[in-house]
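All remarks here apply to the structure that follows.
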């Protein structure tokens, strides 16, 4: 007699469950519920402008030049001469300066308003020690270098801008256009910014100063850029700038940028303001609109939000120019999966046969696995035991960290490479059209969104890899002490309570500690027999004799039935 009993447990691999799912977007699965997320975006609020952390931020061109506009400094007004400190970033705080603080300027006839902004766009700016032209001996001379009471110097005497020489001819006669070469005199390979201009007044003053009352012609040329002007005669009301005297005349001021080694030219008639000291500038930097004073420090300066501290790699809200360690603008909020695909708590189904299917982790997640995302569970007389596999969980976390790093690399390298190309274009044309800038932002936003979608896809799809690895690990540890029954589950030949499961999760499980017969899954026990003096050989003889007799009897009976059915044998029964 044989008795079969089952003391087996089932051990399964699986994923934790959660009651508070989040939603992330993926490339092919759309929106997916997950157990955790890492927000990648923030929406900033407006703040005051600040200094960029770790760098010098330029507000005013010359912080020590009191009562001076940046245009005064750029033109070299006598009372506004000072060093311009180097800076990695600059704030455009004067959008449209109205006066020069010196001789009245016709701002709207040239791009002179842009000169301070141009200078702000360089990290290092210095005024040359020597003059680029000799005004007194220039063609059409000799000249007297004029000064004006409307442009007082530091001793309140008559003065004029340091960047230009007012060339008043000693011989008051008209002249045909003359040309002067403007050499490159910067010594460190910088861009040379040369300021020049011309003066005009009413007819009486024009004849008095220059001997010619007709409109005068002027042309500048540098780096393939040529600009033409014709002076306006008369019609100006008297105007005083700051402490200066009222003036009926006006000056038109322009500038040209000369690259290293390049010579510029100026063609002129009477009333020319010949270039003198030039700006030598190097290290192109971005300039954004903002306001002063600069308060505190910030990671990023943003035209719309002011000073920002970077807490997330991306931001939503208003897109605008920014400088520093800034988050990148994206159209919509982005989240990276930081966990597993959401599964409701699993419910075990009843067995279907001896090796019936179990609704394990593949049909839901297991509660209680608070120390990790992946792990094991056992089911038996002890109930349900759950243990997290920390190594597998750490591998999943490492994958997410790798995705975050990849997104950061995308931000720092690829996207900045695209922005850098646009910045080069910006350097060439000085002002990038807002529509082009918006297109760049849209393109970068789309690239980032796709990268996040693909990252989420990879994180979620990697769950199958982790589960398969866990299953292989579990199979190897259990060895011959268990039978694989599918769906990541194994039927053990021993009991496996919480202690057993914890050892499996820790990788210290030893099947020998739970081996037969102590926890034998199928206990095969011989039937008890009374000892009546028979030895084993006698017992076996009885068994074999009885079995042989039974076999012979059955064969004879079958033969008789066959013969009767063929009418070869008749059978009579007598009572």
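Even glycines carry a Cβ here, placed using N, Cα and C.
Taken verbatim from Swiss-Prot:
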- 68-80: disulfide bond (DISULFID)
- 102-151: disulfide bond (DISULFID)
- 496-500: disulfide bond (DISULFID)
- 33: N-linked glycosylation site (CARBOHYD)
- 67: N-linked glycosylation site (CARBOHYD)
- 131: N-linked glycosylation site (CARBOHYD)
- 153: N-linked glycosylation site (CARBOHYD)
- 171: N-linked glycosylation site (CARBOHYD)
- 309: N-linked glycosylation site (CARBOHYD)
- 338: N-linked glycosylation site (CARBOHYD)
- 497: N-linked glycosylation site (CARBOHYD)
- 523: N-linked glycosylation site (CARBOHYD)
- 536: N-linked glycosylation site (CARBOHYD)
- 571: S-palmitoyl cysteine (LIPID)
- 574: S-palmitoyl cysteine (LIPID)
- 1-543: topological domain 'Extracellular' (TOPO_DOM)
- 565-575: topological domain 'Cytoplasmic' (TOPO_DOM)
- 544-564: transmembrane segment (TRANSMEM)
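Structure with Swiss-Prot features highlighted.
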residue	record	Cβ neighbours (10 Å)
33	N-linked glycosylation site	13
80	disulfide bond	24
102	disulfide bond	26
131	N-linked glycosylation site	16
151	disulfide bond	25
153	N-linked glycosylation site	14
171	N-linked glycosylation site	11
309	N-linked glycosylation site	15
338	N-linked glycosylation site	21
500	disulfide bond	24
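Following the DSSP three-state reduction, the secondary structure of residue 33 (N-linked glycosylation site) is strand. Figure note: comparing Cβ neighbours within 10 Å for the disulfide-bonded residues 68, 496, the maximum is reached by 496.
The average per-residue pLDDT of the prediction over the topological domain 'Cytoplasmic' (565-575) is 55, rounded to a whole number. Of all the recorded positions listed here (80, 102, 309), 80 has the Cα closest to the Cα of residue 67 (N-linked glycosylation site). For the glycosylation sites 67, 497, the largest tally of other C-beta atoms within 10 A is found at 497. Ranking the recorded positions 33, 102, 151, 171, 309 by the distance of their Cα atoms from the Cα of residue 496 (disulfide bond) places 33 first. Among the glycosylation sites listed (33, 131, 153, 309), 153 has its Cα nearest to the Cα of residue 68 (disulfide bond). In terms of Cα distance, the recorded positions that sit within 10 Å of residue 153 (N-linked glycosylation site) are 80, chosen from 33, 80, 309, 338, 497. The shortest Cα-Cα distance between residue 338 (N-linked glycosylation site) and any of the recorded positions 33, 80, 171 is the one to 33. It is 85 Å from the Cα atom of residue 497 (N-linked glycosylation site) to that of residue 80 (disulfide bond). Nearest neighbour of residue 151 (disulfide bond) by Cα distance, taken over the recorded positions 80, 131, 171, 309: 80.
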